[in-house]
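Marked as domain '3-hydroxyacyl-CoA dehydrogenase NAD binding' by TrEMBL: 22-207. What TrEMBL lists as CoA binding site is SER66, LYS73, SER142. As annotated by TrEMBL, site 'Important for catalytic activity' applies to HIS163. Per TrEMBL, domain '3-hydroxyacyl-CoA dehydrogenase C-terminal' is recorded for 209-306.
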Amino acid sequence: KMSFSVIKRSFSTTMAKNAIKNVTVIGGGLMGSGIAQVTAQAGQNVTLVEVNGEILKKTEASISISLARVAKKLYKDKPSEGEKFVNETRGRIRGTTDPVEAVKQADLVVEAIIENMDIKHKLFKQLDAAAPPNTLFASNTSSLSITEIASVTNRKDKFGGLHFFNPVPVMKLLEVIRTPDTSDETYQAFMEWGKSVGKVCITCKDTPGFVVNRLLVPYMAEAVRMYERGDATAKDIDIAMKLGAGYPMGPFELADYVGLDTTSFILKGWCEKMPENPLFKPLESMNKLVAEGKCGVKSGEGYYKYQKK
């Protein structure tokens, strides 16, 4: 009995020590703004970093719209409480264009910028020098190696992946990525934090695409190859997977939704790293569409045409 209470006490002090209250999110795009929103909704303070004031304004406006949507759902019969929820959550988000200043009080830094290793390295070198030694670092990358991103820092034990899904306020999953250097304490802190922002956390090693994209991207690519061979039309393949496998979207609808530019970028990166794997070979029809600026839903056309709203 005695030993159990000691274990329990030391466990809870470790947790208290690891409690994350101040989070800095670098990048206010679709993913970054969503991560900032769910963090603020959970009662934590957020510093959101963008490259300039104009983009920051747009990001803050889109967070307000998204919060209003959440409030409508949560407080449908109590509009005044909904308004309070929106104002209080917004009050926890502070915008800045200075990444160095933004990490000085941070318990956790989540990076959600462009998928470019050189740009990420430059950023993390800067942040590593500026952040307190106990600050945890994470990347929201969906396709790059966390170990490689962390390699430029002096806190490899405090570095991991926190891969959210779009749209962040709606999607329940968080992939927590451990590198061979991530300490147990850091990993536990990430898992606890993920739960605190309302996510279901799963763990994966630092392997290309982690769990979801490692299965999803080759699946979309195989569907495209099937279409390119003329085995079936895009529409018939989509119908087949929705009605035959119970998927909510077909592979072509999904590729258009994710963005053909994003999908082909991921494949290209994996193909360069693992040229022997036939699943990662480039897709002619997809690359052609991307070259024509037809990237899917966001550009109004991909494998399908979309009405601009």
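Keep in mind that glycine also has a Cβ here, set from the backbone N, Cα and C atoms.
Applying DSSP to the domain '3-hydroxyacyl-CoA dehydrogenase C-terminal' (209-306) sorts its residues as follows: 66 helix, 3 strand, 29 coil. The record assigns SER66, LYS73, SER142 to the CoA site; their largest pairwise CA distance measures 29 Å. Proximity to HIS163 (site 'Important for catalytic activity'), judged by a C-alpha distance within 10 Å, picks out SER142 from the binding-site residues SER66, LYS73, SER142. Between the listed recorded positions, namely LYS73, HIS163, the fewest other CB atoms within 10 angstroms of a CB are found at LYS73.
Listed in sequence order, the residues of the same chain lying 6 or more apart from SER66 (CoA binding site) and placing their CB within less than 8 Å of its CB are SER33, GLY34, GLN37, PRO167, PRO169. There are 21 other Cβ atoms within 10 Å of the Cβ belonging to SER142 (CoA binding site).
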